[in-house]
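**Q** According to TrEMBL, the protein has these features:
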type	residues	note
BINDING	7-20, 102, 187, 212	ATP binding site
């Protein structure tokens, strides 16, 4: 039995996602496709346009057989933590044979070699990276610079060169590649992080990459049938055109149009975020995940100029901190995700439970295979979680409940209709 795993967000599910599932299932001859998906808050540090249950339904109607949730602590974290959360969720099912993902680079062997270098030479890269960041460069630029320096060093050392060359691609070819371009492409970044997880665990799961079809993930305007999720969201919120409709499957279109009263824009978190920032004023924000003392001081210094989420990110932006990282830090403050949550999650091997969001009823046998092979608790009803998880794991799981409560509160603040909402204890698993 071949089972394909995909780590994703579906914000919202569009034609590119449908194409990816179809192509990867064909390439891997997969009997089933399991998706590890973000919940209500995402890796770019923003809320999802629709809740996780509606996005689960989108996926199940277009080729996915089972959707599991990436723990919320990792879903809105950096690429490394996001990948660890997603890939480990898939590996913990015990049935995954292939891991599929998109990439801008067509050479999977190159991505695998980069992943190997990042794992085997992590201390050298990190040391160089921190000094480069301190010189004023942002993380992505510093990472590429550190890797280029390492490749030059390894090239001059025969023993290290032979170690790298024993892989699938030779160091010379890597040295002649545009490392900056590879490491600044969003899908490549995630692909390398997925491959790092597989490499560190010596996993037998087979990685399979697929070139991205259409515009880049952050292209702001609709470019045709294969358009970015960013452009689709922009077109939806524009309200004066329906260009987005041709860029999504008909089932996605129907779900969006049937839920127009609960669509969430990233600035809809503004009032709650402002309240939380002032509530924490004077207590230092550097206890929150990924927030440095320098950024904590900058937030406190500028807090009286706070207007909304977008404006405040622009106000805090500097050349050494990316816009996305700022978004994640502010989201961590809102969602109460602290550095201690990261440490607890890592101690629990990233994904200590499988939260089932939905499944295709024609694929019920897949759940049976997972129950037989999975070594961690499966959660299909939130009310049962307290009894099946140990205290540390339940504490980590409570983050998922809290973030969903916050998401519901955002919708309530915007639409003033509590009948639109179901909490985590009353919401049913999605079955199509």
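Note that Cβ sites are derived from N, Cα and C of the backbone, with glycine treated the same way.
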**Q** Can you count the other CB atoms that lie within 10 A of the CB of residue 16 (ATP binding site)?
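**A** Within a 10 Å radius of the Cβ of residue 16 (ATP binding site) lie 21 other Cβ atoms.
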**Q** So of 10, 13, 19, which of the binding-site residues has the fewest other Cβ atoms within 10 Å around its own Cβ?
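**A** Each of the binding-site residues 10, 13, 19 was scored by Cβ atoms within 10 Å; lowest is 19.
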**Q** For residue 7 (ATP binding site), which residues in the same chain are close in space, meaning a Cβ under 8 Å from its Cβ, but six or more apart along the sequence?
**A** 35, 36, 37, 70, 82, 83, 86, 87, 89, 90, 99, 101, 190, 194
**Q** Ten-angstrom check, please: count other Cβ atoms within 10 Å of the Cβ of residue 187 (ATP binding site), all chains counted.
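**A** Its Cβ shell of radius 10 Å holds 19 other Cβ atoms.
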